[in-house]
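So that you can see what the record holds, here are the features copied from Swiss-Prot:
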{"type": "REGION", "residues": "58-82", "note": "region 'Disordered'"}
{"type": "REGION", "residues": "106-405", "note": "region 'Disordered'"}
{"type": "COMPBIAS", "residues": "279-289", "note": "compositional bias 'Basic and acidic residues'"}
{"type": "COMPBIAS", "residues": "395-405", "note": "compositional bias 'Basic and acidic residues'"}
{"type": "DOMAIN", "residues": "492-659", "note": "domain 'tr-type G'"}
{"type": "REGION", "residues": "501-508", "note": "region 'G1'"}
{"type": "BINDING", "residues": "501-508, 547-551, 601-604", "note": "GTP binding site"}
{"type": "REGION", "residues": "526-530", "note": "region 'G2'"}
{"type": "REGION", "residues": "547-550", "note": "region 'G3'"}
{"type": "REGION", "residues": "601-604", "note": "region 'G4'"}
Amino acid sequence: MSSNTVAQFATELKMPANVLLEQLRSAGVDLNSVDDAVTDSDKAKLLDSLRRAHGATEGKKITLTRRQTSEIRQADATGRSRTIQVEVRKKRVFVKRDPSEIALEQARADAAASDAAPAEPAPAAAEPSASAPVTAPVNAPAADAPQAPATAAPDTAAPAAETPSQPPAVEPQPAPVAQAEPEPQPEPVAKPAEAPAEPAAPAAVEAHAEREAEQAPPEPAVQAEIETAPAPAAESAQAARPEPVTPKAEPAPAASKPARAEGRRGAPVPVAAPAVDSAGREEARRAAEAEAAALREMLNRPRKVLRAPEPEAGALSGTLHKPAGKAAAPGAKKDAKPGAGGSKKTIKTAEVASTWSDDASRKKPADTKSAAPSRDGWRAGGKGGKGGRNSRNQQAERRHEPAPQEFIAREVHVPETISVADLAHKMSVKAAEVIKQLMKLGQMVTINQVLDQETAMIVVEELGHVAIAAKLDDPEAFLDETPVASEAEALPRAPVVTVMGHVDHGKTSLLDYIRRAKVASGEAGGITQHIGAYHVETARGVVTFLDTPGHEAFTAMRARGAKATDIVILVVAADDGVMPQTREAIHHAKAGGVPLVVAVNKIDKPEANPERVKQELVAEEVVPEEYGGDVPFVPVSAKTGAGIDDLLENVLLQAEILELTAPVEAPAKGLVIEARLDKGRGPVATILVQSGTLKRGDVVLAGASFGRVRAMVDENGKQIQEAGPSIPVEIQGLTEVPAAGDELIALADERKAREIALFRQGKFRDVKLARQQAAKLESMFDNLGEGTQTLPLIVKTDVQGSQEALVASLTKLSTDEVRVQVVHAAVGGISESDINLAIASNAVVIGFNVRAEQSAKKLAESNGIDVRYYNIIYDAVDEVKAAMSGMLAPEKKEEVIGLVEVREVYSISRIGNVAGCMVLDGLVRRDSQIRLLRNNVVHWTGHLDSLRRFKDDVKEVKSGFDCGLTLRGSNDIQVGDQLEVFEIKEIARTL
């Protein structure tokens, strides 16, 4: 802080302003008040006056403090890099020796030069020795006593000053400086020591002078004077620490080198106590005056930033703390013998200044390793700094500022959705930049918020990068990169045969005879409601059969069966002919390009007519071989077994023509035929292996579910270890129930399987939400019509295929007046959560081949939820249809029940007109509606108000009797009018 007035100067010196004003006046400075300005020359005069008044006491110690702030980037536990502020403080204390003591030691060193010359020089990097203590002379100030041994401390890191080759240009008086151990406190302490024998000077003025000296940038000549003054004691301090020295071309007196060598060998420096005489005091006073003049000149110079001289290439082989310098030091010492007049030596100013600047460059990698500064980092500097402390800090900050990097325009592939953090990472910028740009665009986002592709591309373009609309990051592309199964050897495989046909035409019975097992008798209602997969070993080879349902509800299931098959056996009953599901099976087979084999079943029945079946199939473009077509017709009987062998022979012949092959030694691929949720085993899927070999323990992916095959059983319930092509198996271990018809693939990497499954779940969720949104919009328009009722249902089935069929059948029942709403449909037993959902939506729970848990039953009973169980799809559809019929608005029908003629009209006060009537036909009831006819034209329609016979109120009057009646709300009755009596009946409607 620069002080411009006496008051500011006094505040800086922490002394009263009037005392400072008196001192300035006594020093010859013409100032009248504390508000007058104080110049640098006035301060120099004050300092000179105080020194004259208190003797030649000078500042014995100068403290230099250096502070550097830098940043390092370090990764935290989450992997993100964080910026950490690092502040490094360095501090040096320089102590000045007494001139008389230096002169005495110089004389002794010159006297001992001849003795030390022939001695072998010690290595420069000798071990630290404490045998060379520096003892202050008697006339040294008492404050120097604790600092002298500090100069010989073994961990002193800064080099000492060398003997000057010629006197300094600015100051005639040398100012020897020896480096002392740094103070422990972080703040600079610039308080000069005072001799006890001399009068004490004001400490604040001395401290301010030293601070001014620190802040003022010294000239090179002044630096040279300070750094190259003769300092034998400092050299003896040097002997107590290792110091690598590199020789540099510089002339120097030869006498100082033996003295330094002697000091490094650890020889004690004899110190005498010279008598303090008047001549010594006069010499000290002259030295003080010279130094004061130099300080005044220094303070009056304009400030400028000086740069330390750059070291020559190869001149500095190591730093003060690097072992490289130890090897170079002995050679340098040998070259610096006294006899070598033209030898060169290292200039400490250049060396130390370079190490000071090198320290800044070494500091950056050191900071990245540890946030705390290392012990040797702050000592590696030298005395050749640039100007004052502030300028050095500014220079250091400039050096450590990250160099501005050139902007790199990147190509950024933007997917359909991307988070702010991921987008910033792709552009190699901070997320804050992306958020800032989005705020400029008027969008407030967080770092984890997901952006759509269009917005993200705008941000990328705004930040100067090239945006490329990338395809969705579909991990299913990994499936295309898997080893192709065709690389493995393709071997012949068994044909997969699907049995299709109309319901009750004998498909399962036919398979039952082939398998020699009673399956049909175990089916509920004698009809098949699941796909059954079996493989049969015949004398001609293995054949895999898929039995599909024939009921109309199972269209999707039959389509899946046709997709997975090689050959279709179309079963047609000889006594029934072609039916709707027969035609549908033909269409499925043709759409899949699958060859047909027609089995005309039930030929053992008396009413069987195979020829009629052929004619009907020809109409459906299924031409038998005897008619010139390519479809074999085989008459069979599932009851007697007639024609079964011919059927199998035709099937195997078709398979032989197809030349069915599949790789065996390859990862398995297959199709989910059926899936269900087993209470004890979890999700269970029936898989038809189409290629490769599925082994127990394989990681499989089926639609949006994945897992490891924990158990594998065949259709007979036996545990197996592997399944080859065309073999149906049941597997356990999937995470959830897959959808029937999903493709199954075995993967080597479970992580990749999980990734693909989660991706598919996300896609399915998006599609489902989009469908729900569309359905809500449609239902909104549908519900605009009045009287639309909704029947909410919750459907739980045993297998996924049955759920699909039942939901489709129930949804078809919807009409304009009553709509079926399937609130929830899933595979598995009826749980408590299903009942809670039914309570919330007021739904009916339908269980198809499943039962409710005990807790769910109690909850349903207590809340009045209707739970219905079915095992035949007909019954479920019929009962829901009946319930919907009950919800239909009844049909209203008008029925005429009588005819009355008005014979007389009586007018009675307070009542009005009363009609005396005769019932001509039918009867008249009191609550009936009346239509008044006048000249056979309807004149009024309303209700009877009262009906009397004589004086009694009656409920009805039959034909042939007279009565009196009044009309509600009408008195317009005339003789001869006819009253038509009618009732409105409600008739229940059906769907």
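A Cβ is built for glycine as well, from the same backbone N, Cα and C atoms used for every other residue.
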Legend entry - Least surrounded among the binding-site residues, given as Lys507, Ile603, when other CB atoms within 10 Å are counted: Ile603
Legend entry - Secondary structure at Lys507 (GTP binding site), reduced by DSSP to three states: helix
Legend entry - Count of other CB atoms lying within 10 Å of the CB belonging to Asp504 (GTP binding site): 16
Legend entry - Composition by DSSP (helix, strand, coil) of residues within the region 'Disordered' (58-82): 0 helix, 17 strand, 8 coil
Inset, instruction - Grab the pLDDT values for the region 'G3' (547-550) and give me their mean, rounded. - result: 64
Inset, instruction - Could you say whether, by DSSP, Gly501 (GTP binding site) belongs to a helix, a strand or a coil region? - result: strand
